[in-house]
Each structure stands twice: as structure tokens, then as C-alpha cells.
Amino acid sequence: MGENDPPAAEAPFSFRSLFGLDDLKISPVAPDGDAVAAQILSLLPLKFFPIIVIGIIALILALAIGLGIHFDCSGKYRCHSSFKCIELTARCDGVSDCKNAEDEYRCVRVSGQRAALQVFTAAAWRTMCSDDWKSHYAKIACAQLGFPSYVSSDHLRVDALEEQFQGDFVSINHLLSDDKVTALHHSVYMREGCTSGHVVTLKCSACGTRTGYSPRIVGGNMSSLTQWPWQVSLQFQGYHLCGGSIITPLWIVTAAHCVYDLYHPKSWTVQVGLVSLMDSPVPSHLVEKIIYHSKYKPKRLGNDIALMKLSEPLTFDETIQPICLPNSEENFPDGKLCWTSGWGATEDGGDASPVLNHAAVPLISNKICNHRDVYGGIISPSMLCAGYLKGGVDSCQGDSGGPLVCQERRLWKLVGATSFGIGCAEVNKPGVYTRITSFLDWIHEQLERDLKT
């Protein structure tokens with residue numbers, strides 16, 4: 001076929017063509033039953049018809065059974081890049097079993113309210129004892145989370161941990177020389193308990209602090225310059241399109257729907273350390289690459305998360321600071337008062353705000369948010385709702401991708417990224433956010449992969 005030839009179109013499958021019925025020439029005058037039977041018999045002997053039908057049913061059943069076995073990964077790990085299932089013991093074992101070696105990433109995490117260090121080994125997450133722990137191991141752990149440096153590691157009594165982190169333990173193998181410890185999950189042995197009675201806590205980033213006052217936004221208030229120092233404006237071809245949150249000097253978290261089909265990095269710039277979008281003296285930062293979640297589909301709402309990597313690292317000051325990511329399995333209770341911010345419209349259908357606004361919004365349980373009078377069952381576990389069922393305060397158009405933050409132990413944490421809603425500040429239609437704890441593995445994998453390149 002030449003370059004100018006039209007592409008060949010495949011004929012659509014139909015059961016009529018399978019049985020040869022499309023070849024029948026039906027007269028506009030209804031024929032008698034014997035005539036139709038004669039025509040069918042001339043094309044397909046009736047004695048073969050039951051055999052073919054049974055064969056098709058058997059094929060469908062075989063496929064269904066095969067797919068059922070194929071998709072059933074109970075007690076196993078499913079490779080995200082394919083439908084392959086591997087044993088849990090094969091994850092983080094030093095051998096790549098999945099495409100792109102995904103089973104050898106996300107082998108370290110920081111968990112719970114107290115940031116306990118855990119590694120995945122021998123088919124389970126296990127908490128790191130402080131026995132034989134050395135401070136330089138913390139840098140290795142943070143690198144496995146995608147951070148190029150670390151702030152501190154400390155010791156915490158085992159009984160101060162949440163119960164789910166007190167069952168399985170590991171310690172660094174003290175027989176290994178320091179130069180042999182290159183990945184924590186390859187350098188540990190299992191323990192029933194910690195001899196020291198303490199576990200390791202880890203902090204990889206100096207984040208979640210600010211010097212501004214803590215008291216879109218429909219029903220919101222204008223923000224001060226240092227109040228939300230992690231807030232950024234994502235600008236497409238020079239115009240504010242979405243918000244985002246700084247998590248490291250190089251990385252911004254935003255929503256996938258902001259960048260889907262607009263993922264050419266050179267079309268984007270990022271502005272930081274500003275309140276007003278008008279006559280702003282702050283420089284624009286170029287974007288090196290954009291990654292959105294591979295399972296994001298525009299019409300399905302879920303997996304609405306993306307990362308932007310800047311071409312050059314940010315320099316932090318009182319107006320530019322990273323927000324902390326939450327810890328794995330860290331819970332934020334329903335009703336907790338959190339904050340959303342952005343340059344979105346201050347009324348439904350209005351223009352984007354020229355100044356950064358913020359508003360306090362309580363977290364709403366998914367059970368309430370899925371009520372038939374609210375969102376009617378479309379809110380998945382990887383989403384969360386925040387706002388007021390009575391309306392009046394909400395994120396709005398232009399706030400997409402921006403932060404929903406909560407304060408825990410004097411640190412501000414990124415709990416959600418603004419995703420969608422119906423209208424702005426309407427009754428029974430609170431804002432819907434991407435739940436960041438559901439995507440920590442994905443975020444850390446992208447950061448770790450990039451750090452290794």
C-alpha cells in the first residue's frame with residue numbers, strides 16, 4: 001500500500017457473518033417458512049449448527065476461565081505494567097520479574113504517624129529495628145524513596161508505634177561492611193523483636209513548615225506571600241491553567257487531567273513564590289518532563305495524578321518551600337479541618353482569581369460522599385472529599401491540581417490534589433481530591449527511577 005493509499009478497514013465482526021447469514025438475500029415480501037429453511041440449509045447444514053454453537057460456548061467459557069485465573073493475583077504481586085502475577089517473595093529480591101523491573105522498586109517506605117522506616121522483604125513489610133543502625137544508612141533509605149539527601153533518622157520506642165507496625169521486624173546485618181549496604185532490603189535479616197526496644201524513624205526532606213499565618217476558592221480568603229509556600233502556578237503557553245505542589249527542589253505534584261494531551265514540557269512553565277498572577281516579578285521555571293499516571297483515563301476520573309520535573313532545582317526560602325508527603329498508612333480522620341488554595345474562580349462560572357486564595361474545608365468520609373444525594377457511588381477509595389455539604393466553600397475552576405493540606409504534629413502534609421467537582425460550592429457537591437496516600441508508591445517509584453538515571 002502506498003503512502004497516499006487509504007488505510008484498509010477491517011470488516012466488523014458479527015455472528016451473522018460467522019454463520020453465513022449476511023449472505024442471505026431477503027426478499028421484501030415475507031417468504032414462507034419452508035423457503036427460508038431451504039435457503040439456510042443451502043448455506044449451513046442444520047446438523048452442524050448445534051456443534052458450532054456448542055464450540056463457541058466452550059471457547060467463551062475457556063477464555064473466561066483462563067482470564068479468571070490470569071487476573072486472580074490473590075496472595076501474589078501483580079505487575080502494573082502487565083497482567084503478570086509473581087510470588088510475593090519475588091518482590092524486592094534483587095531479580096527483575098516484571099517489565100521495567102517495577103518489582104524491584106518501592107522496597108522502602110516510611111509508615112504511620114511517627115514515620116517508622118519499613119522495608120519489604122520475605123513477602124512482607126517489616127519495621128526496621130534501631131539495633132546496629134548507623135546514620136549513613138538513612139541516606140541510602142532516602143535515595144530508595146527518590147530523595148537525593150536526608151534530614152535525620154531517630155529512634156522510637158516500639159510500643160509508641162501503631163499496632164500494625166509492631167508485628168514483623170528486621171535489623172541491618174552487622175556482618176556486612178558499610179560499602180556492601182547499597183539497598184536496605186538486601187541488607188537485613190528478620191527479627192521477632194528489637195533487642196534495643198526501639199525502631200528507626202526517618203525524615204528525608206525539610207518540608208511542611210512556613211512563616212505565614214495559618215487561619216479558589218469560593219468563600220475563601222486572600223493569602224499572604226509566605227502562607228502557602230509550596231503552592232505553584234502551572235502555566236501553559238503563558239496562561240495559568242492549574243495549581244500544583246512542590247515536594248522536592250525538582251518535583252511538582254499536580255492532577256493528570258491538567259496535563260493529559262498537553263504533555264509537551266516546552267509548552268509549560270512553573271511560577272513559585274507568588275500571590276498575584278498580575279505583574280509578577282518572579283521568574284518562570286522551565287519544565288524538563290511530565291509524567292502522568294499510566295492508568296488515568298479522562299472519562300473515568302480515577303488515577304488523577306501527575307508529576308512535573310523542573311529543568312533546574314528550586315532555591316528554597318521563606319516564600320518557596322516543599323510540602324511534606326504523608327506517610328504510608330497515615331490516616332487523616334473524617335471531620336479534620338484542612339486547607340485548599342489556588343487561583344481558581346471565586347464563583348461558579350467566574351474568571352480565575354488574580355490573587356491566591358485559601359479556605360478551610362473539613363474532610364468528609366467516602367461513605368457520606370458516595371450517598372445518592374451527593375456523588376452517588378462514584379467516589380473510589382483513591383479519592384477523598386472535603387468541603388461543606390451545605391455549600392458555600394469549595395475549590396473551583398483553575399484550582400485543579402492544587403494542594404489540599406492538613407497539619408499533623410506541626411508539619412503540613414499534602415493530603416489531596418484538587419481533582420473535580422460538580423459546579424463550585426454547590427449544596428451536596430463538595431470538592432473531590434486525589435488521595436495522595438493511595439499514590440505514594442507511584443510517586444516514590446518515579447522519583448527513585450529518575451534519581452538512578
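Note that the numbers count up from 1, one per residue, in the order the chain is shown.
Even glycines carry a Cβ here, placed using N, Cα and C.
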Candidates Cys107, Cys129, Cys142, Cys258 - disulfide partner of Cys204 as recorded in Swiss-Prot
Cys142
Recorded disulfide partner - Cys92, candidates Cys73, Cys107, Cys129, Cys194, source Swiss-Prot
Cys107
Per Swiss-Prot, the disulfide partner of Cys406, chosen from Cys338, Cys369, Cys385
Cys338
Tell me, from Cys85, Cys98, Cys324, which cysteine Swiss-Prot puts in a disulphide with Cys207.
Cys324
Say which of Cys73, Cys98 is recorded by Swiss-Prot as the disulfide partner for Cys85.
Cys73
Kindly report the helix/strand/coil residue split of the domain 'SRCR' (104-205) according to DSSP, in that order.
22 helix, 36 strand, 44 coil
Of the active-site residues His257, Asp304, Ser400, which one has its Cα closest to the Cα of Cys98 (disulfide bond)?
Asp304
Any idea what the Cα distance is from Cys324 (disulfide bond) over to His257 (active site, charge relay system), rounded to a whole Å?
23
Protein Cβ atoms within 10 Å of His257 (active site, charge relay system), excluding its own:
21
Do me a favour and check the Cα-Cα span between Cys242 (disulfide bond) and Cys424 (disulfide bond); whole Å is fine.
16
Kindly assign Cys338 (disulfide bond) to one of the three DSSP-derived states: helix, strand or coil.
strand
Taking Cα atoms as reference points, which of the active-site residues His257, Asp304, Ser400 is nearest to Cys92 (disulfide bond)?
Asp304
Cβ atoms near Cys207 (disulfide bond) (within 10 Å, other residues, all chains)
21
